[in-house]
Structures are given as structure tokens and as C-alpha cells.
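Feature list (source: TrEMBL):
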- 1-21: signal peptide (SIGNAL)
- 91-164: domain 'PA' (DOMAIN)
- 191-209: transmembrane segment (TRANSMEM)
- 244-264: transmembrane segment (TRANSMEM)
- 270-299: transmembrane segment (TRANSMEM)
- 311-335: transmembrane segment (TRANSMEM)
- 341-361: transmembrane segment (TRANSMEM)
- 368-386: transmembrane segment (TRANSMEM)
- 423-445: transmembrane segment (TRANSMEM)
- 457-476: transmembrane segment (TRANSMEM)
- 488-505: transmembrane segment (TRANSMEM)
Amino acid sequence: MAAAAVLALLMVSALAGAAAGGDIVHHDDEAPKIPGCNNDFILVKVQSWVNGKEGDEFVGVGARFGPKIVSKEKHANRTKLTLADPIECCSPPKDKVSGDILLVQRGKCKFTKKAKFAEAAGASAIVIINHVHELYKMVCEKNETDLDIHIPAVLLPKDAGSALHTLLTSGNAVSVQLYSPDRPVVDTAEVFLWLMAVGTVLGASYWSAWSAREAVIEQEKLLKDGHEGLLNVEAGGSSGMVDVNVVSAVMFVVVASCFLIMLYKLMSYWFVELLVVIFCIGGVEGLQTCLVALLSRWFKPAAESFVKVPFLGAVSHLTLAVCPFCIAFAVLWAVFRQLPYAWIGQDILGITLIVTVIQIVRVPNLKVGSVLLSCAFLYDIFWVFVSKRWFHESVMIVVARGDKTDEDGVPMLLKIPRMFDPWGGYSIIGFGDILLPGLVVAFALRYDFVAKKSLQSGYFLWSMVAYGSGLLITYVALNLMDGHGQPALLYIVPFTLGTLITLGWKRGELQNLWMRGEPERVCTHMHMPLLPATPN
């Protein structure tokens with residue numbers, strides 16, 4: 001049951017494989033720059049004050065045209081907000097506004113025309129209310145030539161703009177401040193997320209290899225005692241381990257793709273709730289498995305005594321004692337997951353789940369590992385980049401961020417808040433970016449243990465370095481591309497597989513790694529009978 005539950009969630013875990021970041025600056029080749037209309041699209045903070053008291057802060061997007069908006073709050077002036085009359089500002093306003101910021105409604109004419117009329121009326125900036133809740137890019141038409149606009153323009157989503165409109169029509173004195181703060185050069189959240197991912201793979205690999213080594217020692221002990229009959233244990237049988245094969249590796253990516261499309265098409269409140277339930281089930285299984293493994297060292301009698309439970313079979317007393325805590329932990333996270341510190345609970349459940357899957361699911365050789373990672377590599381690239389051709393947006397990033405819901409993305413993610421970022425938000429990484437390479441790294445350590453290789457002469461150290469380097473390059477690319485979501489496996493897979501294959505080929509062990517998955521061993525417990533000596 002444990003393996004089935006964890007494997008079911010494994011199918012889901014790869015759906016959010018992109019390392020995503022917030023789009024603060026956006027370069028768009030579909031909206032080409034022309035003279036007078038060549039700004040980058042940037043998010044803009046609109047801080048409001050109502051009757052002299054600080055109010056809500058809204059987020060809009062800056063226009064292609066007009067001057068650049070200041071990046072520092074101290075350089076942004078607090079300016080009176082005035083409602084345009086007529087509200088669309090497609091004709092000259094009835095009254096001069098003498099330096100105020102003009103609030104106008106989208107529609108009936110071009111953005112540039114509104115800005116020109118607002119500037120002619122004396123406005124210092126223009127804030128446009130969109131007619132939908134999303135943010136659109138304010139661009140210029142290709143044939144426009146009169147683009148000498150000297151006031152900034154910001155587009156607000158419908159809910160934010162309507163809130164300001166209501167305040168003004170209610171007779172309140174409203175002033176706003178427009179600025180677009182820069183993000184820090186180094187995101188500390190990404191540093192901690194990198195450490196979390198590498199640490200998870202490291203810990204899971206050692207647990208997997210330790211379990212495998214204990215099984216080998218038990219085998220050798222049974223051989224030594226002459227109990228050959230007890231060794232007929234199939235892979236993934238009584239040991240509870242599941243070996244991946246080539247077919248299942250390919251089918252995993254096919255099923256994950258189908259599930260991703262289903263998520264994209266059916267993403268809604270109830271569907272996210274279903275994902276939360278699935279995640280909690282897997283999280284309970286993972287947390288329970290890890291806690292039982294840790295506590296069994298101190299509570300050995302409870303771990304080795306069992307009781308029969310209906311539908312579950314034999315369950316240890318320690319598991320029964322730990323299970324209620326794990327269930328309560330997952331339920332509390334699910335209920336309070338919108339709170340600021342709920343990410344801690346999500347990361348704990350996620351990490352223990354990943355560790356458990358890597359301990360249970362095993363890549364038997366480098367051939368299977370290569371097929372699995374290569375398919376995941378193509379899967380990541382297709383759903384992050386290529387899917388834009390058919391769906392006009394990146395399917396994986398839309399699903400990972402939960403754009404069509406009120407949630408901060410699907411729960412199958414590790415995330416850390418950007419504590420020193422003026423824009424806030426989270427740095428995230430999908431389970432698949434840790435779990436899938438982790439299966440191959442764990443295989444490398446198991447091979448080293450069986451081959452009795454040292455750290456430097458083995459494969460584990462170098463595969464860990466390769467994984468960490470690939471993930472590091474992912475975050476570098478994420479920052480160089482202004483926070484646009486990146487498929488992490490695009491960088492991780494070539495580093496990890498390339499390192500293992502190159503080392504195996506150089507050491508002359510690639511054949512064993514590729515097909516057998518273990519070094520050739522001579523059984524020291526079996527002896528050939530000696531033939532009598534003859535003179536001929």
C-alpha cells in the first residue's frame with residue numbers, strides 16, 4: 001500500500017517541473033519596440049493614501065511608451081489622484097488637473113491617445129483601469145509616429161482600478177505613489193531552495209544506498225549460512241522496493257503529460273482541493289515513513305512488534321503511534337495553507353515524500369535512468385516552451401503558478417518566500433526537478449557501495465556535483481532572463497547524465513553501469529570441487 005500511494009503521487013509530482021519566478025521585467029518580441037515606444041514591460045507598485053491615511057497597495061504594469069518609472073520609493077512623489085471627465089479620456093478633459101495623476105477607464109480609443117490628452121490637461125501621470133482582472137500590455141501601433149509622450153502610464157487590473165474609482169466617487173481625497181522597485185541581484189530564497197534540493201537528494205540517496213547495502217549484507221549472510229532457498233526474492237517483492245524499467249519510464253512521461261493537460265483545462269477551486277487531498281495522502285505516507293525510520297533506532301521494540309489492521313495487514317506499533325501525528329500535521333497544513341508560514345509545512349511534507357519515493361523506487365541501471373531523464377528532459381522543454389505555440393502560454397508555468405485559481409500554485413512544489421524582495425512572492429521548484437535526478441544519483445551511490453568504491457573514485461560525488469551545478473545554472477538563467485520560468489531539467493539532465501556516462505566510459509565501466517547496474521562480483525561462498533591430480 002505504501003509503495004502504491006507514493007507511486008500514485010510520483011505521477012503527479014513532475015507536473016510542476018519549472019523553476020518559476022515573477023515577471024517584473026518582460027521583453028516581448030511580439031510587441032516590437034519603435035522610437036518613442038521602446039520601454040520594457042515592468043510591474044509597477046501603486047501605493048494609495050485615503051484622506052491622508054495609508055491605504056491599499058496595488059500592482060499594475062507600465063506602458064511601452066512614456067518616460068521610465070522610478071525604481072526607488074523615496075524618489076516617487078505622492079500625488080493627488082483625479083477622476084477623468086470624460087472617464088475614457090478619449091477627448092480633452094473638461095478641467096485642467098495641474099500635476100495630478102489622472103484615473104481613466106480603458107476603451108473607445110488607443111492608450112497613446114489617452115496619454116496625450118491627459119498630458120495636455122496638465123496630468124503628471126495616467127492610471128488606466130482595465131476592463132478585466134488580468135493585466136494587459138499597453139503597446140503602440142506599428143504605424144504610429146506621434147509618440148512624444150512625457151508622462152508615465154500604468155494599467156491596473158479591474159478590481160484594483162474599481163477600488164480607486166469607488167473611493168474617488170465617494171468623495172474621498174486619494175493620492176498615489178508610482179514606482180517599480182528592482183529585485184535584489186542575489187535572491188536569498190533561491191540560495192536556500194538550492195540547499196534544500198541538494199540536501200534532499202543527498203539524504204535520500206544515502207538512505208536508499210544504506211537500505212540496499214543492508215539487503216546485500218543479509219544476502220551474503222544467508223549465503224554463508226547455506227540458506228540458498230531464502231534468496232528467491234524478486235526485485236520489488238517482499239523488500240517493498242519497486243524497480244523502474246524502460247517501458248514504465250516512457251509511460252511515466254506520457255501519463256504526466258496527460259495529467260498536465262487535464263490540470264490546465266480543468267484547473268479550478270475544486271480541482272486544486274483534490275490536488276491538496278492527494279498531496280496530503282502522499283505527505284502523510286512520506287512523513288510517517290521517515291519518522292518511523294528515525295524513531296526505530298530509539299524505540300526498537302515498538303518498531304519490531306506488529307499488529308494486524310483490517311485492510312492494511314501487519315502494522316508496527318511504532319507506525320500506529322506516529323500515524324495520528326502525521327495525519328494531524330497534513331490536515332492542519334491543508335486547512336491553514338493560506339497563512340504566511342504555511343510554506344514550512346508544505347516543504348516538510350514535500351521533502352519527506354520525495355525522500356520516501358527515492359528510497360522505494362529504484363533505477364536498476366544507467367540505461368533506465370537515461371531513458372527516464374531524457375524523457376523528462378523533453379517533457380520539461382515541451383511544456384514550458386513549445387506548448388506556447390498551441391496554447392499561447394506556457395502550460396507548465398500556468399499550472400505551477402495556479403494562474404486560474406486563487407491558490408499560490410499547485411501543492412507539488414517546494415517553495416520559500418522572497419523575504420528580502422520588495423515584490424515578495426515565492427521562489428519555487430517542482431518535485432520532478434528533485435525526485436527524477438535524485439533517482440539516478442541514488443543509483444550512483446548504490447553502485448559505489450556495492451563496488452566498495454571510495455568517494456573520489458566512485459560516481460556519487462561527481463553526480464551530486466553535477467546535479468548541484470545544473471540546478472545552480474538553472475537559477476542563474478532564471479535571473480538572467482528576468483524571472484521567466486525555466487525548465488530546470490533542461491540544465492540538470494545534461495549535467496547529471498553527461499557526468500555519469502563520461503566517467504563510466506573513461507573508467508571502462510560503462511557496460512556494467514548501462515546494463516547490469518552493479519559491478520561483477522565473484523561469490524566467495526561457492527567453491528568448485530578439486531579434481532584429483534593425474535600424471536598426464
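Backbone N, Cα and C define each Cβ position, glycine as well.
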Would the transmembrane segment (341-361) count as touching the transmembrane segment (191-209), if touching means at least three Cβ pairs under 8 Å and pairs must be 6 or more apart in sequence?
yes
Could you pull the average pLDDT for the domain 'PA' (91-164)?
88
Select the range from 191-209, 244-264, 311-335, 368-386, 423-445 that forms the most Cβ-Cβ pairs under 8 Å with the transmembrane segment (488-505).
368-386
Counting Cβ pairs closer than 8 Å, which of 244-264, 311-335, 368-386 has the most of them with the transmembrane segment (270-299)?
311-335
Contacting positions for the transmembrane segment (244-264) when only residues 6+ beyond its ends and CB under 8 Å are counted:
10-12, 14-15, 271, 275, 361-364, 367-368, 371-372, 375-376, 378-379, 382-383, 391, 395-396, 398-399, 410, 432, 439
Please indicate, using numbers and ranges, the residues of the same chain that are 6 or more beyond the transmembrane segment (191-209) and have a C-beta under 8 Å from a C-beta there.
293, 347, 351, 354-355, 358-359, 362, 414-416, 427-429, 433-434, 437-438, 441-442, 444-446, 448-449, 460, 464, 467-468, 471-472, 475
Counting Cβ pairs closer than 8 Å, which of 311-335, 423-445, 457-476 has the most of them with the transmembrane segment (368-386)?
423-445
Counts of helix, strand and coil residues, the domain 'PA' (91-164), according to DSSP:
17 helix, 14 strand, 43 coil
